[in-house]
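Okay, structure first, notes after.
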Ligand SMILES: Nc1ncnc2c1ncn2[C@@H]1O[C@H](COP(=O)(O)OP(=O)(O)OP(=O)(O)O)[C@@H](O)[C@H]1O
């Protein structure tokens, strides 16, 4: 028993092939194999670089700074007036239009817009616009229906973007502009995808133009612009060639055709105290409703470097896939070609149950002293064979 197991174990099985000498199937087979090889070489290996190990877990830090002066409501506005928040984060707003309600005190007054969320006292009062509900809160109430010209100079403002990234898998660190850039150049350059792609200073008007937006419309209503910094790095080449690519989109484009909320705005207030005596000083505030262009700097990255593991896996996949041509050829050969039945007969050897039973009983051949390779027929006509080795 043990000996039989050992001899069974140390055997080698190989598939029996049928060689079909047909021009048509032969050509189809070779063409399919060629297409599979071209697909793996050109697309999988050269285009998709399947021989590389990839790292998309990019670590990134973004710093921004805006510069420029503008006029709004007869006042000169500088960066501290129109950028929020002021820290220079990856998400920041440039205010284009402000509706200012000055000297608001806590008290009772007529509401201006019935849609604003106020605490209504239930009383009716006369106002310059006629009868109104009385409200309790910061008075006078804000009137955001006033026509206000946006600050048109925003178009010429510049945004400085400083982005450093790291691919942790390869420990590669890069910055979005070369260390060789000097102050004179950085102060005078503006980004241009063709002539000045290393310049980290972006003109607001240019950014809006790249997204296909009209400046006067977005300045009126506000909006959200995405600046995408994409790092696609082939680290088999020099690290110096690992450079950012910028693309620009309007992120809130889907809402532009809406009847409501077409742009972007927010409110903030500056709080003061009156001067009447040290003890009973009263709080008052200036409320601002700000329409702003909100910029989101989004950083994405993918780095790849040669590695033996993906190379071997994809090579094996490629060689295995070359064999797929036979599946298609078999379908044609066994169904659509002249003499398909004969091919079928050659390819599939049919064995009936009775034959199997006879073959399974061959162990007893030796006991019955039937010679190896000797053919015996039974009553049903099935021909069986005594093999010289056990099944
Ligand atoms: N939005 C911008 N437009 C044009 N140049 C800018 C802008 N932001 C910064 N810079 C210039 O880029 C360089 C680097 O800016 P950084 O903020 O690191 O230095 P800084 O000397 O503190 O800048 P600042 O001129 O604001 O004092 C500086 O020369 C700065 O003037």
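Cβ from N, Cα, C; glycine included.
Just so you know, TrEMBL annotations are computer predictions that nobody has curated.
When 158, 173 are compared with the ATP site residues 65, 66, 67, 265, 266, 267, 289 in TrEMBL, the one appearing in that site is 158. Looking at 223-245, 292-314, 315-337, the range annotated in TrEMBL as transmembrane segment turns out to be 315-337.
Residues 20, 22, 24-25, 28-30, 32-33, 36-37, 40, 44, 343-344, 347 of the same chain sit 6 or more residues outside the transmembrane segment (315-337) yet have a Cβ under 8 Å from a Cβ within it. Between the alpha carbons (Cα) of residue 66 (ATP binding site) and residue 156 (N-linked glycosylation site) lies a span of roughly 11 Å. With respect to ligand 1, the recorded positions 67, 109, 189, 233, 267 contribute 67 as residues with a C-beta closer than 6 angstroms to one of its atoms, given in sequence order. When the recorded positions 65, 67, 109, 266, 289 are screened for a Cα within 10 A of the Cα of residue 156 (N-linked glycosylation site), the ones that qualify are 67. Between the C-alpha atoms of residue 265 (ATP binding site) and residue 139 (disulfide bond), the distance comes to 21 Å. Put plainly, the binding-site residues 65, 67, 267, 289 were compared by Cβ crowding within 10 Å, and the winner is 289.
Look at residue 158 (ATP binding site): DSSP puts it in a strand.
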